[in-house]
Amino acid sequence: MLVTMTTTLVKPDENKNKRKKEAKNETSGNAQLGFLEKNDSAPESSQKFHKTDTLETILKDTGKEINALLSKYAQILSERAAMDASYVEELEGILKEACSIEHHLKLKRENLRHSFAAIAGPLQNEEVSGYLRLAFFSQLSIVKMLFLLISFTGFLLQKAILTLVSLLQYIPGIRNLVSKQKVPVTYSHKKGLECISPLFSTVEETPQAIPIKLQGQIPKWLKGKLVRNGPGKFEFGPDKFNHWFDGMALMHKFEIEDGVVNYSSKFLRSDCYLTNSKNNRIMMSEFGTLAIPDPCKNVFERFMSKFDLSKETDNCLVNFAVIKGDYFVSTETSQMHKVDLDTLESKEKVNWKKYVAVNGATAHPHYDPDGTVYNMGNSYGMHGSNYNIIRVPPQKSQPSDSSLQGAEVLCTIEPEDRMKPAYYHSFGMSENYVIFIEQPVQIKLWEITTANFLGKSFLDGLSWEPQLNTRFYVVNKHTGQTLPLQYHSKAFCFFHHINAFEDQGCIILDLCCFDDGKVFDIYRLQNLHKAGEALDQTYNVLPKPFPRRFVLPITVSSKASVGQNLNPLPYTLAEAVKEEDGKIWCTPESLHNEDLKEAGGVEFPQINYAHYCGKKYRYFYGCSFGHLVGDSLIKVDTETKEMKIWREKGMYPSEPIFVPEPGSSAEDKGVILSVVLTPKQNQGSFLLVLDAENFAELGRTEIPVQIPYARAWPAVRPLWQRVSAQGWRGPAGGLKARCNSPGTEQPRLLHGHLLQRLLSPLPATASARAPAATGSPTLFPKPEQRGGAEAPGHLSHSLARSRPSLPAHARWHPSGAVAMALLPARRARVSRRAAFSACHRLHSPSLSDEENRKLFGKCNNPNGHGHNYKVEVTVQGEINPLTGMVINLTDLNAYMEEAIMEPLDHKNLDKDVPYFADVVSTTENVAVFIWDNLQKCLPTGTLYKVKVYETEKNIVVYKGEGAASKK
């Protein structure tokens, strides 16, 4: 049974809460005031209140009513409070402090009475709850008032005490304590929940793949690797982690081939894992756990370590991501680990900070069809924080380049409060726009920066602020411009987007929303290890997530009237109403029926991402929460709001993964994969395969080892298909390539960045076997048709299922081959300009002062002089047949930034640049310096010319003449 409550204070009926004497006086027409009411006919001296001697009478008469109210809501408080023993102890300590505060405030009560008239005037014009008024002016003790506030607002007790003190001192500002928006929160009254503690216990890794038994029939086309990630170790020695999100990352792999499934797992060898293991204790702080100071340090060292903010966890336990064909595990810091999918080994650690000015990035990037990656991350500076949208190009210029090379900040958004930016776990993306939601879950930077010193974790710095609205930002992916319209909605909290698409000049945005942002605290490990009544109480106060649809109009006509609903779409009831100040107030549509409420809501949403991300869609899949973790899988039809459900008692499925059937255009034609776990020792976990259309079970594979509940939320491409491909260079420099997906009749299309690799120059020996002449389209046979010998240049890649387009000179053949016409090699030159400012003095150490003055004139002035230099860099090369580019301009810009701007901009060339210590800083030598620097980072043979403008009249061109060596 579900109960709907409100977290805001509701003003009671005025007549119901008036005393009988007041009602009588009003009836007789006397000029006396009702409770906190003003009578305009009263004399000036009494318009604010009665004479003060009536205060005692008011307090006495309302005392009984208040006591009745307390009894009425005491039951609500007990139902909502799921307090364990440790929290009760903390509560008792706080109550002692409250009593002390109460004693102090009693001393001020007489002063309060005498100034009562002055205080009540501002109060009656404020939007203050009736219950809060009664509590304030009754004979309630301060402690009782605190309980009353907690029962309605859900604030922590410590915050309620501070709020109360500020209320007494700054009464005119009391309105800010009460949310204007009434947010209904759905709770439940379940009993007898099963203890799931084993799902959050440390397990052993399984580095060597083991076969697992298959029951049922899975489709023959289902081949490849399913990888997932999540916490798998929750303690080191005597130290234990506090939160589910803190456990050490354990990577899992299911490899499916010809109906046989192999399973393996491996802990990520992150720095924090290795350090913790070596010291047998927690050495690095995580989301909800503060590292304990090293006992081997002296007192001073331990004290100073509290101010060390440089340590950042690389425990990448959230998600897998693919960038430029490389696979990474990620978390919400700036650290990622590049991993080998075959061995699950970490190959290298990559830091976003080295490529773009952010202090972290989400673990849920989005992908364009061409492989371009979008992500978001915060940056912090002297003036607070910013939100940044990051774009990473789809291809590497050179195989040795980092996957993040060329990353750039597409757009920077300033928070409403730069010292309290919003926490966000993901963002939305349509075909042309990125959508960022600033939710009222705030990161209090001051608390975060002082966390070590105060003994707090990152979790302690998060604050749910329901009195604030939620704001939406819409950014054009192509221009980086933020739309000028301001979109707002009532307060809600979310983790995951479902999808976003564009229709009739609007963005349709679907989310899984919580009406209460205190969900983080529920997933402390002490709650997840509970059993019996304590577990029931914890679940019953857990906010439930539900799918909602928002409509954001991209443009608004100047003729639109205030109060007009700007949603033109007939298939959704969501509203976007224009307000007087020009802002758009968004009211969502619920995408579910009552059955989903009974199921416990839905999270971990997944769609047919490869074909429907950013496009109009109909179905999504997720986990419903009849327990603290998902206890069933559901499929939701967003058009009819009907749902299909898979559930098995005592089993807890992880997030569903949709794998489309090859060659099918139907949105729900494919299978759902989910790892289903059980806390029972006599039962095994299994990989479940469902028919995505009817949600019927096709098969399952039993896992003979224990697996923890993972919060791996793969945003994209969880299944990789093994594809072999061959390529040749033609006799006239043209390129050929083919690919074939073994064991399947369907052709496999190569991603742009992988096809690019096939189109790259191959070894010269390969050209001898090229089977066709220039310009003739050719279909390359499979290797077995050529006697089984693989052609030189044979490549093998793992890639996701998708359908990027091929170049105009290529076509797909039903056999799975790529036919490409050999094109003559086309070459071109590309130029890009940059500008920098620098000062210098023309002076040769080989000449006397007199000779220098005579040679350089005013430019030899000892005080120096400056220029605004302009540099034009020209590169040359073949036009890539796939991209149509000689070089990606984003990469060229990065090379110029490294070779020109960083060493020269706003520098004294003679003093700040070592190169010019013994070299005269003429424009000619500046050009040579730039050439040499660019040669170090540009691909071999691509740099053609450097042109430096000292002034509009003085120009130097250098093409590397006389260089000792050319890269």
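Positions of Cβ are set from backbone N, Cα and C atoms, glycine also.
Unlike curated entries, TrEMBL annotations are predicted automatically.
Residues or ranges marked as region 'Disordered' in TrEMBL: 1-49 (among others).
As annotated by TrEMBL, transmembrane segment applies to 146-171.
For His364, His425, His496, the entry in TrEMBL reads Fe cation binding site. Following the DSSP three-state reduction, the secondary structure of His425 (Fe cation binding site) is coil.
Residues or ranges marked as compositional bias 'Low complexity' in TrEMBL: 765-778.
If you look up TrEMBL, you'll see 765-808 (among others) marked as region 'Disordered'.
For the recorded site, His364 (Fe cation binding site), the DSSP three-state label reads coil. Counting other C-beta atoms within 10 Å of each candidate's C-beta, the binding-site residues His425, His496 are led by His496. Cβ contacts within 10 Å of His364 (Fe cation binding site), excluding its own Cβ and spanning all protein chains shown: 23.
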